[in-house]
Structures are given as structure tokens and as C-alpha cells.
Amino acid sequence: MAVKSVALVAHDNKKKELVDWVAENQTRFASLRLYASGTTGRLLKENLGRDDIVCLLSGPLGGDQQIGAKIAEGEIDLLVFFWDPLEPQPHDPDIKALLRIAALWNIPVACNRATAEFILTSAYMTDDQHQPKKPDFSSYTGRSVS
Ligand SMILES: O=C(CO)COP(=O)(O)O
């Protein structure tokens, strides 16, 4: 399964880095469906001249949770989330929840530019034969609860 949809998220001190990186790689992003948290998405639209980016709510207003829900529903194949390791965020529980859901559903996650570059240039990005292992939660969902 090639990567078809990507969620792009960055905290304020990392937004320029994310926007610059996406701009430098515009051709690789051209065929991808892009989702973004609200403010990140607005900046991406302004800088890339792409108006097809699906902008969700701003992260602290529920955007991180919206992206998490889309991951759980299988709508997002890759998460690029440049979170800020130097500044506390008011919505820290939402950030943790988003990273947890991405780990749970086994989607690739890039939290910095170096990792994002590795992923974006990976042959798996366009390989329809490559099937990332879908987690099997049947023993959890079918557990007996009295
Ligand atoms: O806070 C964020 C991620 O946790 C990002 O949200 P914005 O893109 O709306 O700034």
C-alpha cells in the first residue's frame, strides 16, 4: 500500500521548519492528500499555494484529536508532527493521545525533519506491494467482560 494521505502538524516554534520542508519537497507531496491542524494548514496553504489541504481545527482546540480519529478510521497513512521539545503546551494530553493512536495503529510518524526526510524518500512511499502490518485487536475487542 503506497502512502496516499499525510497529516501535517507543527507547534508554533516548529512551523517554519515544517512549511520550509514541505515547500522544498512539493513535487513529492503533489499527489498526496494532505490534512493539517488548523494553523499549520493555514500557513501551508499560504506558502504552497495549495488550496486542497484539509484544515482541521487548531491543535489546542481539538485538531489533534480530529487527526487521531482519522488515523483510527484508516484515513491517514503517515503523520508528520514537528512537536516542540522545548515548550510546554496547554493541550499536552491531546498531543500524547495523537502520538499514542499513531503508535497503536502502526502508522509511520516523523517528529523531526531528519526522520521526515527518511520517510519521504523511502521506496515504501510509492510501493503498492508493501503492506504495513495491520494490528489485530480481535482478542481485545472480543474479550469477556463480566
Ligand atoms: O497544536 C498543534 C499540535 O499539537 C498544532 O496546532 P495548530 O496547527 O493549529 O497550531
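Each position is counted from 1, following the chain as shown.
Even glycines carry a Cβ here, placed using N, Cα and C.
Per TrEMBL, domain 'MGS-like' is recorded for 1-146. The average pLDDT computed for the domain 'MGS-like' (1-146) is 96.
According to its DSSP assignment, Gly59 (substrate binding site) is helical. Per TrEMBL, substrate binding site is recorded for His11, Lys15, Ser58, Gly59, His91.
According to TrEMBL, the feature active site, proton donor/acceptor maps to Asp64. With a cut-off of 8 Å between CB atoms and residues at least 6 apart in sequence, the same chain places Val9, Ser37, His91, Asp94, Ile95, Ala97, Leu98 near Asp64 (active site, proton donor/acceptor), listed in sequence order.
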Listed recorded positions adjacent to ligand 1, that is, members of Lys15, Ser58, Asp64 whose C-beta is under 6 A away: Ser58, Asp64
Largest CA-to-CA spread of substrate binders His11, Lys15, Ser58, Gly59, His91, angstrom: 17
Count of other CB atoms lying within 10 Å of the CB belonging to His11 (substrate binding site): 21
Listed in sequence order, residues not in His11, Lys15, Ser58, Gly59, His91 with Cβ within 8 Å of the centre of the substrate site Cβ atoms: Val9, Ala10, Asp12, Ser37, Gly38, Thr39, Thr40, Pro60, Gly63, Asp64, Gln89
